[in-house]
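A.B. asks: Before I ask anything, here is the structure I am working with.
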Amino acid sequence: MRFLILFLALSLGEIDAAPPVQSRIVGGFNCEKNSQPWHVAVFRYNKYICGGVLLNPNWVLTAAHCYGNQYNVWLGKNKLFQHESSAQHRLVSKSFPHPDYNMSLMNDHTPHPEDDYSNDLMLLRLSKPADITDAVKPIDLPTEEPKLGSTCLASGWGSITPTKWQIPNDLQCGFIKPLPNENCAKAYIHKVTDVMLCAGEMGGGKDTCAGDSGGPLICDGVLQGITSWGSIPCAKPNAPAIYTKLIKFTSWIKDTMAKNP
C-alpha cells in the first residue's frame, strides 16, 4: 500500500509517515496556472504532508491518514517552494477525521488481508475563511456516482518518480480512468470496499503517489474522490490506485460542517 507507507516515511522524517499506503503524480504534467484553484497544500508545522480540497471558504477536505496536529494550509499555490502573490496561508482550528477510519493502521505494521483503509477522509476547519479569488475557489461535492469510461484528473505535489521521493515545485496533473473495483481487489492484499474508488491506467506509467494523499480526483469536471492509497512503487502495471469515494460521504461531510460553523 504505497501512499500510506510513503506518507509514514515522510512523517517520520522530514515530512511524516503513515501505514502501507502512499500517493503522488507519476507520468503527469505541470498543471496550467490556477487551473486547480480548489487544490490545497496541507502542512504540519513547516513540512508539506498532503494535498487537500477546498469545499467552501471555511473547510478543507483531505485524507484521514494525514492526521496529526499543528496543521496549516496554503491555498492558491501553483509552485510549492516559491512565493506567489496569489497564495493564501491559513491555520487550522480543528480537524475532524472520519469516526470510522481505523487510526491503528497509522502505525507501521505488517500488512494483513483484513486491513481495511475505508473511510479515509478528514475535514479541516480553517481559523479564518479563505478569500475567494481567481486562484482560490471551492469545488462542489458530487451528486452522483462516477461513471466508468469518464476522464479523471488527479493533481498533487507528490513524488514524480515511482521509487524515489522526488517532490516537484510545480503542481502536477495527470489524466487517469475510473476502473471497476475488481481491478484493484486483484492487485492488493488489503480490502477494497464499496466506499473506495479504483482509478488509474492498467498498463501503468500514470499514477498518484507519495505526497498526493488527500488531493482531488475530478472526473468529467466533478469532484469524485480524494487520493488514499496504492502500490509501491507507484505506476506499476495492473496496480491502479484507490481513492475515497466521496459520493458515499456527502451526508457526513455536510453534517460535520453544519455542526461546527
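Using N, Cα and C of the backbone, Cβ positions are placed for all residues, glycine too.
Fair warning: this is a prediction, and the values are worked out from it, not measured in the lab.
As annotated by Swiss-Prot, active site, charge relay system applies to HIS65, ASP120, SER213. Taken from Swiss-Prot, the feature disulfide bond applies to CYS31-CYS173, CYS50-CYS66, CYS152-CYS219, CYS184-CYS198, CYS209-CYS234, supported by similarity to another entry. Residues or ranges marked as domain 'Peptidase S1' by Swiss-Prot on the basis of sequence analysis: 25-258. Among the features that Swiss-Prot reports, N-linked glycosylation site is placed at ASN102, with the record citing sequence analysis. The feature signal peptide is assigned by Swiss-Prot to 1-17, with sequence analysis given as support.
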A.B. asks: Which number gives the other C-beta atoms within 10 angstroms of the C-beta of HIS65 (active site, charge relay system), all protein chains shown included?
C.D. replies: 33
A.B. asks: What is the Cβ neighbour count of CYS50 (disulfide bond) at a 10 Å cut-off, with all protein chains included?
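C.D. replies: If we count other Cβ atoms within 10 Å of CYS50 (disulfide bond), we arrive at 36.
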A.B. asks: Of the active-site residues HIS65, ASP120, SER213, which one has its Cα closest to the Cα of CYS31 (disulfide bond)?
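C.D. replies: Result for CYS31 (disulfide bond): the nearest of the active-site residues is SER213.
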A.B. asks: Quick check: of the recorded positions listed here (HIS65, CYS152, CYS173), which one has the Cα closest to that of CYS198 (disulfide bond)?
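C.D. replies: Nearest in space to CYS198 (disulfide bond), counting only the recorded positions, is CYS152.
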A.B. asks: CYS219 (disulfide bond) to SER213 (active site, charge relay system): how many Å between their Cα atoms?
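C.D. replies: Given the Cα positions, CYS219 (disulfide bond) is 17 Å from SER213 (active site, charge relay system).
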A.B. asks: Restricting the comparison to the active-site residues HIS65, ASP120, SER213, which residue's C-alpha is spatially nearest the C-alpha of CYS234 (disulfide bond)?
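C.D. replies: Comparing Cα positions, the closest of these active-site residues turns out to be SER213.
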A.B. asks: Return the count of C-beta atoms lying within 10 angstroms of the C-beta of CYS219 (disulfide bond), excluding that atom itself.
C.D. replies: 24
A.B. asks: I need the CA-to-CA distance for CYS66 (disulfide bond) versus SER213 (active site, charge relay system), whole Å please.
C.D. replies: 8
A.B. asks: To the nearest whole angstrom, what is the C-alpha distance linking ASP120 (active site, charge relay system) and HIS65 (active site, charge relay system)?
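C.D. replies: Counting only the Cα atoms, the answer is 6 Å.
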A.B. asks: Test of understanding: give the count of other CB atoms lying within 10 angstroms of the CB of CYS198 (disulfide bond).
C.D. replies: 24
A.B. asks: Please compute the mean pLDDT of the model over the domain 'Peptidase S1' (25-258).
C.D. replies: 92
A.B. asks: Under DSSP, is CYS184 (disulfide bond) helix, strand or coil?
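C.D. replies: Going by the DSSP assignment, CYS184 (disulfide bond) falls within a helical segment, counted as helix.
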A.B. asks: List only the single closest residue to HIS65 (active site, charge relay system), chosen from the recorded positions ASN102, CYS152, CYS173, CYS184 by CA-CA distance.
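C.D. replies: Result: the closest of the recorded positions to HIS65 (active site, charge relay system) is ASN102.
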A.B. asks: Checking the contact step here: among the recorded positions CYS50, ASN102, CYS173, CYS184, which have a Cα within 10 Å of the Cα of CYS209 (disulfide bond)?
C.D. replies: none
